Amino acid sequence: MGFSSSLSCSAMGALIVGCLLLQASNSNAQLRPDFYFRTCPPIFNIIGDTIVNELRTDPRIAASLLRLHFHDCFVRGCDASILLDNSTSFRTEKDAAPNKNSVRGFDVIDRMKAAIERACPRTVSCADIITIASQISVLLSGGPWWPVPLGRRDSVEAFFALANTALPSPFSTLTQLKTAFADVGLNRPSDLVALSGGHTFGKAQCQFVTPRLYNFNGTNRPDPSLNPTYLVELRRLCPQNGNGTVLVNFDSVTPTTFDRQYYTNLLNGKGLIQSDQVLFSTPGADTIPLVNQYSSNTFVFFGAFVDAMIRMGNLKPLTGTQGEIRQNCRVVNPRIRVVENDDGVVSSI
């Protein structure tokens with residue numbers, strides 16, 4: 001079964017959310033949803049079919065592709081710099097602490113890019129492929145659809161140092177989270193709370209959970225905001241001095257579904273990582289009313305999520321003649337230098 005035939009009735013009903021919010025979003029004027037309408041009509045089906053096929057063997061890939069988009073956009077904007085491998089000119093962002101042995105889905109993006117290049121050579125940017133893949137991943141997992149503004153171009157460099165400092169930590173306090181989001185231009189409480197809802201599916205490694213289970217902030221005690229029953233369960237899954245790479249579901253109730261359960265979990269002290277639970281457990285925080293709203297109304301959460309995703313997708317995009325359209329998402333295009341020999345013959349090298 002292909003991408004178009006896999007859409008459920010509930011997902012199709014969520015189309016309304018995206019349509020209502022497109023006009024309300026402060027979309028970059030140079031980005032538009034119909035950017036590839038004439039130049040690469042099959043782009044959505046190619047990306048969607050790739051994800052559908054991947055989900056058959058890797059139910060986690062949808063959440064991973066959404067996270068890949070987030071980690072790309074927070075470092076100099078949504079420019080696919082995260083996809084670049086090491087070169088003589090720069091160090092890859094994949095080696096940065098928040099990404100190494102954590103961010104995944106690169107091979108899936110490679111397959112999408114290869115298929116798109118066969119259909120529409122040198123037309124679609126890797127940055128737009130990541131953006132579309134994140135949107136379709138949310139939709140296929142039961143979340144909303146929205147018209148994705150397109151027309152980004154790809155960076156010709158990576159930003160290893162910035163990736164080490166710009167991305168929020170799973171151990172962040174609410175103040176630190178707000179600073180990280182504001183630093184990239186996402187300065188509304190709804191940006192933080194709605195985008196954090198991306199943790200309604202997917203998994204995290206035990207190494208990002210265990211400090212709050214056994215020695216929260218150096219107290220030799222667990223995080224007091226943890227639900228006692230949930231604490232017991234997490235200690236079973238992530239024993240002290242155990243394997244830090246073991247994976248735990250962000251949402252133990254509906255682990256592969258994009259829904260509002262994440263916020264219900266926060267109300268019950270069942271946020272998996274510290275940077276999730278602080279949205280509700282920080283006294284007097286302006287994020288608390290939003291957690292309450294999103295936990296009780298799917299339409300409100302989906303609407304806020306779509307709006308925040310469009311805002312994040314519009315962070316400092318490269319457009320027009322900026323950057324390039326990479327032929328291979330892992331490397332910058334080879335530079336062609338035109339030379340003329342003594343006989344006046346022009347060639348490129």
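Even glycines carry a Cβ here, placed using N, Cα and C.
Look at Swiss-Prot and you will find 1-29 tagged as signal peptide, backed by sequence analysis.
What Swiss-Prot records for Q30 is pyrrolidone carboxylic acid. Taking the Cβ of Q30 (pyrrolidone carboxylic acid) as centre and 10 Å as the limit, one finds 15 other Cβ atoms among all the protein chains shown.
Using a 10 Å Cβ-Cβ cutoff, C120 (disulfide bond) registers 16 neighbours. Reduced to three states, the DSSP call for C120 (disulfide bond) is coil. Taken from Swiss-Prot, the feature disulfide bond applies to C40-C120 (among others), supported by sequence analysis.
If you look up Swiss-Prot, you'll see R67 marked as site 'Transition state stabilizer', on the strength of sequence analysis. In the three-state DSSP scheme, R67 (site 'Transition state stabilizer') falls into the helix class.
Packing around H71 (active site, proton acceptor) is summarised by its Cβ count: 22 other Cβ atoms lie within 10 angstroms of its Cβ, all protein chains included. The active site, proton acceptor annotation in Swiss-Prot covers H71.
The Ca(2+) 1 binding site annotation in Swiss-Prot covers D72, V75, G77, D79, S81 and rests on sequence analysis. In the three-state DSSP reading, D79 (Ca(2+) 1 binding site) counts as coil. Of all Cβ atoms in the protein chains displayed, 29 besides its own lie within 10 Å of the Cβ of D79 (Ca(2+) 1 binding site).
For C78 (disulfide bond), the number of other Cβ atoms no farther than 10 Å from its own Cβ, over all displayed protein chains, is 28. Sequence annotations record features per position, and here Swiss-Prot assigns disulfide bond to C73-C78 (among others).
Among the features that Swiss-Prot reports, N-linked glycosylation site is placed at N86 (among others). In the three-state DSSP scheme, N86 (N-linked glycosylation site) is classed as coil.
Under the heading disulfide bond, Swiss-Prot lists C126-C329 (among others). Annotation note: C329 (disulfide bond) sits in a coil segment as assigned by DSSP. Taking Cβ-Cβ distances under 8 Å and a sequence gap of 6 or more within the same chain, the neighbours of C329 (disulfide bond) are A80, L83, L84, F106, I109, D110, K113, C126, I129, D154.
Annotation comment: Swiss-Prot describes P168 as substrate binding site. For the recorded site, P168 (substrate binding site), the DSSP three-state label reads coil.
Sequence-distant contacts (6 or more apart, same chain, Cβ under 8 Å) of H199 (heme b binding site) comprise F250, D251, Y262, L272, I273, D276. Sequence annotations record features per position, and here Swiss-Prot assigns heme b binding site to H199 based on sequence analysis.
Under the DSSP three-state reduction, D251 (Ca(2+) 2 binding site) is assigned to coil, being neither helix nor strand. D251 (Ca(2+) 2 binding site) is surrounded by 23 other CB atoms, counting those within 10 A of its CB over all protein chains shown. Feature annotation from Swiss-Prot assigns Ca(2+) 2 binding site to T200, D251, T254, D259.
Residues annotated as disulfide bond in Swiss-Prot: C206-C238 (among others). Counting every protein chain shown, the number of other Cβ atoms lying within 10 Å of the Cβ of C206 (disulfide bond) is 18.
Around the Cβ of N217 (N-linked glycosylation site), the number of neighbouring Cβ atoms within 10 Å comes to 12. When secondary structure is read from DSSP and collapsed to three states, N217 (N-linked glycosylation site) falls in the helix class. Here Swiss-Prot flags N217 (among others) as N-linked glycosylation site.
Secondary structure at N243 (N-linked glycosylation site), as computed by DSSP, is coil. Cβ-based neighbour count (10 Å, all protein chains) for N243 (N-linked glycosylation site) stands at 10. Look at Swiss-Prot and you will find N243 (among others) tagged as N-linked glycosylation site, backed by sequence analysis.
Of all Cβ atoms in the shown protein chains, 14 besides its own fall within 10 Å of the Cβ of N86 (N-linked glycosylation site). Of all the Cβ atoms in the protein chains shown, 29 others lie within 10 Å of the Cβ of T200 (Ca(2+) 2 binding site). Of all Cβ atoms in the shown protein chains, 20 besides its own fall within 10 Å of the Cβ of R67 (site 'Transition state stabilizer'). Take the Cα of P168 (substrate binding site) and measure to each of the recorded positions D72, T200, N217, D259: the nearest one is D72.
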